[in-house]
Amino acid sequence: MGRLDVAAAKRAYRKAEEVGDRREQARWANNVGDILKNHGEYVDALKWFRIDYDISVKYLPGKDLLPTCQSLGEIYLRLENFEEALIYQKKHLQLAEEANDTVEKQRACTQLGRTYHEMFLKSEDDCEAIQSAKKYFKKAMELAQILKEKPPPGESSGFLEEYINAHNNIGMLDLDLDNPEAARTILKKGLQICDEEEVREYDAARSRLHHNLGNVFMALRSWDEAKKHIEMDINICHKINHVQGEAKGYINLAELHNKTQKYIDALLCYGKASSLAKSMQDESALVEQIEHNTKIVKKSMKVMEELREEELMLKKLSAEMTDAKGTSEERKSMLQVNACLGSLIDKSSMVFAWLKHLQYSKRKKKISDELCDKEKLSDAFMIVGESYQNLRNFRKSLKWFIRSYEGHEAIGNLEGQALAKINIGNGLDCIGEWTGALQAYEEGYRIALKANLPSIQLSALEDIHYIHMMRFGNAQKASELKETIQNLKESEHAEKAECSTQDECSETDSEGHANVSNDRPNACSSPQTPNSLRSERLADLDEANDDVPLISFLQPGKRLFKRKQVSGKQDADTDQTKKDFSVVADSQQTVAGRKRIRVILSDDESETEYELGCPKDSSHKVLRQNEEVSEESMYFDGAINYTDNRAIQDNVEEGSCSYTPLHPIKVAPNVSNCRSLSNNIAVETTGRRKKGSQCDVGDSNGTSCKTGAALVNFHAYSKTEDRKIKIEIENEHIALDSCSHDDESVKVELTCLYYLQLPDDEKSKGLLPIIHHLEYGGRVLKPLELYAILRDSSENVVIEASVDGWVHKRLMKLYMDCCQSLSEKPSMKLLKKLYISEVEDDINVSECELQDISAAPLLCALHVHNIAMLDLSHNMLGNGTMEKLKQLFASSSQMYGALTLDLHCNRFGPTALFQICECPVLFTRLEVLNVSRNRLTDACGSYLSTIVKNCRALYSLNVEHCSLTSRTIQKVANALDSKSGLSQLCIGYNNPVSGSSIQNLLAKLATLSSFAELSMNGIKLSSQVVDSLYALVKTPSLSKLLVGSSGIGTDGAIKVTESLCYQKEETVKLDLSCCGLASSFFIKLNQDVTLTSSILEFNVGGNPITEEGISALGELLRNPCSNIKVLILSKCHLKLAGLLCIIQALSDNKNLEELNLSDNAKIEDETVFGQPVKERSVMVEQEHGTCKSVTSMDKEQELCETNMECDDLEVADSEDEQIEEGTATSSSLSLPRKNHIVKELSTALSMANQLKILDLSNNGFSVEALETLYMSWSSSSSRTGIAQRHVKEETVHFYVEGKMCCGVKSCCRKD
């Protein structure tokens, strides 16, 4: 809908005006308005629609007013002027009824339904609007069905789209009325109609159905299904150039990521949505809402960080509670744990982490029971019910709400009874028991009235109003209730105003509750909870406060509007419904951390220890500062802890309000003994800022100044004669993540922190220590032993790090200088990457969370540094970085020498390649270019062809997953000539690509003398293309062909394999995964073993292999002529018998080293004896292949933490759902048979001596079975002493020392 269309329509309008043709004049005015409307220019569109309307009213008959009324109603709706929209839409309907025009009546009813629906979404309590929307949508559906079955004469469309859109609108309405199951049914029916009627794949009607199904499955917590439908919606809108719909799709996807705590992904989606929204002229409301939602996500990230801190606090307090058993401090410790759990419950609800919420609520229930406090226990029952309610397990939520009511009734707590009754009503409403729900709400109202609790009365009345209006359709009763609700609100506001006037001078009364938050989710999004829970930490921290009465203030419930934050897509996209995400309250920073890290430099001549430059015997106290903690910081998630110090603990215990920040004790520091903190550098470990350092008030033995979350301060620097650094680790979380794989990451982290804290004069030398080994208790630690030491120790741990020399890291020094000059915080991830770099000219900063701004210091440093390889992959870099790279290479004195640029998985657009075209020095230097997984689109076609044509040194090009089509592939083919040095080309996963463009490309590649590797995975190849492929694969130089998921079939695969291996002197790599291969393919390979004599790596995963094919494959592996070194058979439906056959065949095989047999035996069908492996996790021990089981936590907690995003995952109810130990998940095989299979597998595995990597993931093996298999793996003579394993949940990797079983992304693997 470009400017040319508008100009042409305006010319036609002026021409009609000149000749006086009023009908044509009105038609063209409407046409101009429609073009402008679709372009997002609503104000200008309104002007032209008004011209159309004025002409039609003055000069044309009544029937000609129908289209102009419809257009005006539509544009006013998009401008959110509902009053004007309704005027013209009702006039449209009136005219249609007068003319007895069924088509126009259907359109008018649809528009009226949409307008009333939008009014409902924008209003606070407009139940009449939703009823009107329901009436008009149902009428539109009936009319659409009539038109579909009996279309009017002369109408050829059949009104299929209108009928499908009617299903969409009804489904959207059901969703907004909290009927997601009904919505799913009708929306699925709409998709079914699309399929039956063969509606185009990329059709707007499908887009709207997928959009709303995404919302439905989000409401049902079916995250995978929701994502699938949302991505389909986005894809369709992108294909049909529906910018507004694509933006709304990205908003939906962002909401999904936010609800599953994937905040980085959510921000990325909002960024895309914002770019799309800003491209439309009059969508400022949409842009503002996206910006608002982005802020909410950032607040959620902060809350999640706080939650993780408080988890550490809980761990510490739980340990203290255990230690205090049987002492006078026991109850006090229990109250502190209870208060901490309350805070965790609040924060988990803020970020929709309902599985965690359930975990904490059950622990709160348990500890409330131990406290013998019936009120706290009844409140805890209510919180457990809230968890189940939000996890959509309504039967269980009802059970706990009823128990809460019974508990509060037993102690005569009226507020608790009222809230429990309201929550019971919510649960009954969710399962369709509307009469029971109404009775529960009315009972809750009577109790609240009796207890004189106006806020709870209001909440109950609103729920009663909801039931009468929306469930029973009793408009008269609903109207009476609305008046009662309004009167109650007015009286409550008056009372609050009076109270605030009386209390405005009461400083002491308000101080204790100054920071009590009333931002707990209300009844519209989660069950009601007593306000006593919000102030619980006040009561819990002092036993004297145990009997504090419940606070009566409660936010009124709004169950009716709990879906309002979700925008639906209607039959024609009209406006962007603002999503009122629950604003995450800025909660007080709660600090945590059981242990902390201190690095102590020892001096041979003195035993004085320096902690932050403070002598051990000093007695000064340093002010505490607030801290922001990174959720991904490896070592410093628990930065400071109020309870680390007895004096502070006492203040917390004795104070009347733990929400009021403690005032720091101001004591003048001993300046002669403490160095200034002004030179400290805060390390931005995850792109967020860290503030200052933290020093705790000392204990009775002297002051212990401690570092904050992001800092380890070195105020004394010396290279001691024994070249050792003493490390006292006080926080087990510090090193657990780093050392869970090996101890090298621990060494690297400590080294980088050491360097950061050096004085400037030492730092300027760029010298960093090389930590040779870590020692503990006089012995050298073996790999991963630090993990066990930290886990098992209840006290501080002192580790000695032996320094084995010093290494000069020039680029690190340059980077730090540029950070200082640009006022940017250094990135810890980037520093670690630079430190471990072995080749100075090879710069690998992949996965450092770099953005254009944070990458600037590195690019600045590279101006005075030579580059042979630059890896910026897996970051968030955009075209701005590419422009700086062009300037970097253009200004560099390095005019010659090979250059590798790895830029995959970023945010580069098509013009990023333009920067390469504008840099002549790259024409001579660039040898490897990887820009895969960037949204380049066909707009980069001319740039890409220029690069291929002019970069004569280029031998490797990767443009996979770049949204390219035939046009770009054809341009690349045209740019190739016989002089090109291209050797490797990856174009996979780009669609659609036509057969002719692929054939042209293959023909050009066949003329290249040195072409060796081609990847076309994910591109569907026709039989004609396969024929063209034979000529290329016969070329002697070709050594790697990847055509997975290409659909070439068995015959094509046989011909390709024959051609590829034809007279090949060198080995080749072949990927035929997911190609629909039949058993005849494997039989052919077995019959002509020369076909596989040249294959080094062979991927046939994803092809279902029958018993006949398995036998042939087994025979092939036994043949000594087979040279296959790597074989992938994942997802081949081998089953246990097939696994056994393949492994048994390896006893005589001398070549196969890597075998992937994952996803072949379904867990539900063939779980081998004992518990499934996912119920326990096993930690890898690298000492002689032994394995140490990690102590399992409580079953509830373990299941809760397994996956916060699993659909329908719930924690076992400890009281009525005991988990059975040692039961198998299936009985499809008898136990003796299962034991026999494992025994045979073990025997075969011990004889497969050549094998070095074996992947058995997702095959349903139990812990006992895997233990048996691993014993056989490690007992093999070729693997004795070097056997390793990685077993966690369903991941099962057996390997040998020196091999990497996993960890490298598929897109980053280099041959």
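Indices start at 1 and increase along the chain as displayed.
Glycine residues also receive a Cβ, built from the backbone N, Cα and C atoms like all the rest.
Noted in Swiss-Prot for the protein shown:
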COILED    297-333  coiled coil
COILED    475-504  coiled coil
COMPBIAS  515-533  compositional bias 'Polar residues'
REGION    492-533  region 'Disordered'
REPEAT    106-147  repeat 'TPR 3'
REPEAT    164-197  repeat 'TPR 4'
REPEAT    207-240  repeat 'TPR 5'
REPEAT    378-411  repeat 'TPR 7'
REPEAT    418-451  repeat 'TPR 8'
REPEAT    810-832  repeat 'LRR 1'
REPEAT    839-860  repeat 'LRR 2'
REPEAT    866-886  repeat 'LRR 3'
REPEAT    898-918  repeat 'LRR 4'
REPEAT    925-946  repeat 'LRR 5'
REPEAT    953-976  repeat 'LRR 6'
REPEAT    981-1002  repeat 'LRR 7'
- On the DSSP side of things, how many residues of the repeat 'LRR 7' (981-1002) fall into helix, strand and coil, could you say? 8 helix, 3 strand, 11 coil
- Query: DSSP helix, strand and coil counts for the repeat 'TPR 5' (207-240)?
  - Reply: 30 helix, 0 strand, 4 coil
- Message: Counting a contact as 3 or more Cβ pairs under 8 Å, with residues at least 6 apart in sequence, do the repeat 'LRR 1' (810-832) and the repeat 'TPR 8' (418-451) touch?
- Response: no
- Task: Take the repeat 'TPR 4' (164-197) and count its residues per DSSP category (helix H/G/I, strand E/B, coil), listing them in that order.
- Result: 30 helix, 0 strand, 4 coil
- Sort out the residues at least 6 away from either end of the repeat 'LRR 4' (898-918), same chain, that have Cβ-Cβ distances under 8 Å to it, and list them. 846, 867-879, 882-883, 885-886, 889, 925-937, 939-940, 943-944, 946-947, 950-951, 953, 958, 1307-1308
- Task: Determine which residues of the chain contact the repeat 'LRR 2' (839-860) at the Cβ level, with the cut-off under 8 Å and only residues 6 or more beyond its ends counted.
- Result: 684, 686-687, 810-811, 815, 818-819, 821-822, 824, 826-827, 829-830, 833, 866-878, 880-881, 884-885, 888, 902, 1308
- Against which stretches of its own chain does the repeat 'LRR 5' (925-946) lie, if we need a Cβ under 8 Å and a gap of at least six residues from its ends? 873, 889, 894-914, 916-917, 953-965, 967-968, 971-972, 974-975, 986, 1307
- Item | Same-chain residues at least 6 beyond the ends of the repeat 'LRR 3' (866-886) whose Cβ lies under 8 Å from its Cβ atoms | 268, 839-852, 855-856, 859, 892, 894, 897-909, 911-912, 915-916, 918-919, 930, 1305, 1307-1308
- Message: Across the repeat 'LRR 4' (898-918), what are the DSSP residue counts per state (helix, strand, coil)?
- Response: 7 helix, 4 strand, 10 coil
